[in-house]
2 protein chains.
Amino acid sequence: MNMLEQWLSKTLNRLNLVDSMEQLKGFTRLSYSEEEWKAMDAFTEIAHEMGLEVRMDEAGNRIARWNPTPESESLPAIAIGSHLDTVVNGGGYDGVAGVLCGLGAIKLVKETKKRLIDPIEVICFASEESARFGISTIGSKAMTGLLDVEGVADIKDATGITVKEAIESKGLIMEQIVNAKRNDSEIKSFIELHIEQGELLQDANCDIGYVRGIACPTRLTITIKGRAGHTGTTPMGKRKDALVAIAPLITFISLTAEEISKTSPFPLVATASTIQLYPNVMNVIPDVVHLGVDIRSIDDHLKSEMTQKIKEKCTFLEKEFGVVAKIECLVNESSVFLHPNQLKKLQVIGEGMGLKGLELDSGAGHDVMNMAKRWPASLLFIPSKDGISHHPEEYSSIQDLRKGTEILAKFVLQEASGSK
Amino acid sequence: MNMLEQWLSKTLNRLNLVDSMEQLKGFTRLSYSEEEWKAMDAFTEIAHEMGLEVRMDEAGNRIARWNPTPESESLPAIAIGSHLDTVVNGGGYDGVAGVLCGLGAIKLVKETKKRLIDPIEVICFASEESARFGISTIGSKAMTGLLDVEGVADIKDATGITVKEAIESKGLIMEQIVNAKRNDSEIKSFIELHIEQGELLQDANCDIGYVRGIACPTRLTITIKGRAGHTGTTPMGKRKDALVAIAPLITFISLTAEEISKTSPFPLVATASTIQLYPNVMNVIPDVVHLGVDIRSIDDHLKSEMTQKIKEKCTFLEKEFGVVAKIECLVNESSVFLHPNQLKKLQVIGEGMGLKGLELDSGAGHDVMNMAKRWPASLLFIPSKDGISHHPEEYSSIQDLRKGTEILAKFVLQEASGSK
């Protein structure tokens, strides 16, 4: 391990608040939780040690900034960013990799002793994952002015705590989140580095992925209302069992996504990922079920087609089982295409470094999809072992993190204007 | 409404701790909860007002006893009993009807001024429903010596509270529950009256059901272990989605129960009634699912056949979806047949009263199934409106409660030996 790899390894542990990345239960740092905040505090401490200024904005995002000269203070920043929150029992690389490599890139840039003028930022976005509230990228939505503050304030987590309560428990004020929106002139360009969370890079034996676009999710909640009754005394023929009625839909969603993917130029993935059953006790026939469905494709038309097919299936199930179905659309985000010129620059730098690269699309949403709506933005992937993510076995090697850090540093040096 | 009906209506409200039986959310009095205890306290108060002695045994059962003479104290009792606990958002008749009609019967017997010697008891069993801990009829199991005290002590409810903790929060001592077991000589005969929780009596326009046997449940927990992954980045063909793998089993259980019922002399009902999904968040593919299945038939062979078919289906699903299935048997109780002679006596009394009766079987378990293993025991049903039970709309009329009370009173008068 060279010096940079040692630093990355140590800093990876620090950002994850552990002494070793081997954690059986993985990492749980939900949106606006104490755990997310502790990781953010670790970020702040590391950035301070590196001589960066750190501020927290009104949405809880932490912004670490290096102003090479006094005049840098008023100039637009070259920004690198990602997040530190995780799903329940998630991995320690999703999000963390981007924050870590961003810090590493500034470290490398500073070590060159080149006399730069443009400020460099590492942004640690708050609450990227939707695991707690079903809303993703809260921090980057706030920074870009895309957050519907009123619309999300009362959404509750599984324990009944609202977004507003969670945010205010961190000393922030819900109504002031709008002030986290930054001016166009504050940022020159934005890059996010992220683990792939897929197997394409590994399968192609590549070092780095250049991402063309992001397949943003459509999310539905499907509710089936049947009729409760005693499991022992209600004859099979007289039931309106909500779980029996929804079971074929789970199968249908999986099979239809496979079918659409086979017959289209772009893949589509669809997952019935959450279920709430009522009353969920042994001797009562299920009355109500809520099924959460996550649909993604770079092709927005395919997502609409999938949603339409689900609606038709629900109408069929209503008739077959004598139940009532309701479909609610929680999220319907259009796919985001990244900045082609910036992508090209990164590819040239990567080739110059001897990195084997692959152009690909992202099936997961990232903070960059919001930033891309305001500033020239790009997304780099580093390989994920076996594509495993949102899981304790999520893993990217220190060597891949180093390569990611180096390409970020070279990009920053190329983009930043220097003093003569 | 005659005087008895007025008394039943008022006492029904008191046992349910309400001023009106119209309750949108129904009744929630889980096993060994504060709510169950308050209803038991109401029972005690009513029994005291009627001049009965009330004691609580080591399992929390309340036993109200009328000793017509001093010598009655050492004689075996003619006992009537049921329970006051409910499922979540259940009805106010399931269990309560039996306790209420038992009290009403003593009231009628006392009003005849006949000089009896045999003591009469109304037993209010603790914790009949399995809604909280997945264990049913805890109180009557304890009274009959059938409770596996060590086996159940550490079973937890959904909030992590154990049976032992719940019981001890009521001032009882887990290790002393064995002392709730009564001697053979303490009881002469036992009757439970219960709402049908089905539609047979209503459909046949009958007043009373004479129950031949009880179809006790077999209960399974089926666990499917797949593999988690990001919903956006894992191609459909590379998934081991636990929910997709278990969905066909839900359909299979429902269809197979219908099929078995059509081709057998006795019906079988089977219900996938509970589900727990992990991690149950929008952007992670389901990893683990637990499905709770409740199977009932008066014919124990049919229950074994159903269990066997579920096992075979799980083996098939393991291969089809690349997952691992595990089947755990939580409960496997044999069917219980009630006392034929006592049933005959009740039928003769009912006919004498002009009640239109029906012989039938019970698809639900009841406290009487434990009592029947020790003493001559029988079970009477009164009609349930539309068969709805374990639901706020559960309903039996005051007229039907009166008829139930009257047949109990006549049985007690016939069975009890009197002084000359």
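Cβ from N, Cα, C; glycine included.
A sphere of 10 angstroms centred on the C-beta of A:H83 (Zn(2+) 1 binding site) encloses 32 other C-beta atoms. Secondary structure from DSSP puts A:H83 (Zn(2+) 1 binding site) in a beta strand. According to TrEMBL, the feature Zn(2+) 1 binding site maps to A:H83, A:D94, A:H194.
Residues annotated as Zn(2+) 2 binding site in TrEMBL: A:D94, A:E129, A:H390. Residues near A:D94 (Zn(2+) 1 binding site) in space but far in sequence (CB under 8 A, at least 6 apart, same chain), listed by position: A:T86, A:H194, A:I195, A:Q197, A:S389, A:H390, A:E394.
The allantoate binding site annotation in TrEMBL covers A:R219, A:N283, A:R296. Over all protein chains present, the Cβ of A:R296 (allantoate binding site) has 30 other Cβ atoms lying within 10 Å.
With an 8 Å limit on C-beta distances, the binding-site residues from A:H83, A:E129, A:H194, A:N283 that reach chain B are A:E129, A:N283. Annotation note: A:H194 (Zn(2+) 1 binding site) sits in a strand segment as assigned by DSSP.
Comparing Cβ neighbour counts within 10 Å across the binding-site residues A:R219, A:H390, the minimum falls on A:R219. Using a 10 angstroms CA-CA radius around A:E129 (Zn(2+) 2 binding site), the binding-site residues that qualify from A:H83, A:R219, A:N283, A:R296 are A:H83. Residues A:S82, A:Y93, A:G95, A:V96, A:A97, A:G98, A:E128, A:E192, A:I195, A:H366, A:D367 surround the recorded Zn(2+) 1 site, their Cβ atoms falling within 8 Å of the Cβ centroid of A:H83, A:D94, A:H194, which are themselves excluded. Binding of allantoate is attributed in the record to A:R219, A:N283, A:R296, and the widest Cα separation among these residues amounts to 37 Å. For A:N283 (allantoate binding site) paired with A:H83 (Zn(2+) 1 binding site), the C-alpha to C-alpha distance reads 44 Å.
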